[in-house]
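J.: Feature table excerpt (Swiss-Prot):
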type: BINDING; residues: GLY188, ASP189, ARG190, GLN191, THR192, GLY193, LYS194, SER195; note: ATP binding site
type: SITE; residues: SER382; note: site 'Required for activity'
Amino acid sequence: MQLERILTETNIERSKFKQYKVLSKYINAVAKKYTLNNVSNKYGKVLFIKDGVVKVSGLSQIKIGEKVEFVGKNLFGMALNLEATSVGIVIFGEDTAIYEGVIVKRCEQNFAIKVDKTMLGRVVDVLGQPIDGLGELKDTKTTRVMSVERKAPGIVTRKSVHESMLTGVKMVDALLPIGRGQRELIIGDRQTGKSAIAVDAILNQQVNKDIVCIYVAVGQKKSTVRRLVEMLNTKGALEYTIVVVSTASDAAPLQFLAPYTGCTIGEYFRDEGKHALIVYDDLSKHAVAYRQMSLLLRRPPGREAYPGDVFYIHSRLLERAAKLNEKYGCGSLTAFPIVETQAGDVSAYIPTNIISITDGQIFLEKELFNKGIRPAVNVGLSVSRVGSAAQSAVMKKLAGALKLELAQYRELARFEQFSSNADAVTTQILKKGKLTIELLKQVNNNPMAVGMEALMIFAMSTSYFQNLDLSLVRAEEAKLLQYIHSVSSFKLYAACVDAVKAFNPKDTVFTEMCQSYVK
């Protein structure tokens with residue numbers, strides 16, 4: 001149309017129009033053939049580098065999130081900013097070897113890692129390489145190369161959560177049931193026992209070992225990670241666990257990539273029809289790492305200086321946790337993201353984002369922790385949106401009454417400090433509430449089998465513990481558990497109680513257990 005307008009304006013004869021049109025097409029074809037974009041767009045050159053971020057020219061057709069290699073430096077990076085004349089790239093490693101003029105090569109793919117069953121019992125870095133000194137990981141027939149950025153399972157591939165994911169923590173399994181394929185946020189201030197609940201859940205899978213556990217340490221101290229690995233090894237849980245580590249001394253891009261690497265490993269087992277549990281410890285540090293990268297890339301800051309897409313980096317990660325249906329192997333990936341709050345403020349930007357993404361949250365309070373209530377779970381602010389759909393028949397029956405009793409206790413406990421003239425009913429509710437809280441206390445790294453959990457909840461709902469002094473409750477609980485373990489028939493029943501399809505709260509075996517112990 002432009003050529004026709006020019007011809008009309010210059011009064012060129014109509015008969016010569018076709019000749020000019022053919023000539024124009026030829027010139028355009030030659031120009032397109034020799035344009036700089038098509039001569040070479042696979043290599044670029046570093047223009048400048050600062051604080052782990054480089055500007056590169058020449059990579060005109062690179063895609064966002066694409067992996068690049070710094071030629072001859074044994075370093076990789078990822079393209080995050082696509083600008084008119086340059087590309088903003090973050091470096092995965094130390095930037096001391098990078099300088100102006102270094103050649104950058106496109107890898108024409110996103111970051112990918114090799115995943116296999118041989119990773120079980122190992123400690124790996126963000127790139128999937130072992131860092132535990134136990135030798136290299138060898139490829140096998142089942143080894144798969146998987147991109148760390150993968151699409152979440154679609155709607156038709158999913159199935160509703162209905163299988164229980166037992167944590168071994170009485171308070172969680174009874175009041176906040178978690179299912180396989182669920183995303184349950186663990187949130188609270190620093191030093192309130194967030195990681196302890198997640199680690200207990202890993203230790204509790206030792207009973208049947210049908211769940212592969214992945215622990216992702218984001219921005220943690222090396223000494224903390226070492227203690228965790230040693231504890232898992234001592235308890236015999238490391239053999240079914242994979243630890244993905246990006247410590248506080250690692251560059252921000254490595255801390256940013258760590259959860260996606262761990263999720264990819266979990267998806268490998270989920271797609272094989274197995275069940276996996278992944279712990280992200282913690283996503284607050286993950287968000288801070290992404291904020292650091294974004295500010296260095298000169299992206300516009302938003303609320304609390306986080307970039308506008310900080311919600312998306314967490315939603316696309318957590319949506320990958322799912323329960324698949326029969327057509328896709330019935331596998332599941334359960335996620336326990338951990339978020340740290342400041343002075344109990346759950347209305348901050350990152351906590352509210354992740355609360356809106358997940359299927360419930362376990363809220364831990366500093367005040368409860370300081371009172372000696374461990375785990376320091378605030379049952380009123382905590383919720384599991386899956387509910388009793390993922391609970392066994394036994395726990396469903398027993399926990400229903402427990403929730404009501406605790407709700408009544410919380411309501412009356414507020415007024416207890418203002419008035420000492422309570423009636424007999426109120427006094428009884430307060431006494432039973434204190435007893436229940438005492439029995440729900442549990443030490444770290446000591447998960448309890450579901451049968452024993454059910455027995456203790458049954459015992460606290462009857463008169464066996466009612467007349468005990470609160471200071472003696474924990475000791476009496478230990479004696480009862482020891483007695484059940486010593487009687488083979490009781491121990492066998494407790495071991496298979498989770499499989500019971502129908503349960504009567506006045507079950508004769510549970511009653512017999514308690515009566516036999518009292519005698």
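In case you wondered, yes, glycine gets a Cβ from its N, Cα and C as well.
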J.: For LYS194 (ATP binding site), which of the three DSSP-derived states applies: helix, strand, or coil?
T.: helix
J.: How many other Cβ atoms sit within 10 Å of the Cβ of ASP189 (ATP binding site)?
T.: 18
J.: Would you kindly give the Cα-Cα distance separating SER382 (site 'Required for activity') and ARG190 (ATP binding site), rounded to the nearest Å?
T.: 17
J.: On a count of neighbouring CB atoms within 10 A, which of the binding-site residues GLY188, GLY193 is highest?
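T.: Counting every other Cβ within 10 Å of each candidate, the maximum falls on GLY188.
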J.: Using Cβ atoms only, which residues of the same chain lie under 8 Å from THR192 (ATP binding site) while being at least 6 residues apart in sequence?
T.: LEU364, GLU365, LYS366, PHE369, ALA376
J.: Helix, strand or coil at ASP189 (ATP binding site), per DSSP?
T.: coil
J.: Out of these recorded positions, GLN191, SER195, SER382, which one has the fewest other C-beta atoms within 10 Å of its own C-beta?
T.: GLN191
J.: Other residues with Cβ within 8 Å of the Cβ centroid of GLY188, ASP189, ARG190, GLN191, THR192, GLY193, LYS194, SER195 at the ATP site?
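T.: Sorted by sequence, the hits are GLU340, LEU364, LYS366, PHE369, ALA376.
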J.: Which of ARG190, LYS194 (the binding-site residues) has the most other Cβ atoms within 10 Å?
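T.: Neighbour-count leader: LYS194.
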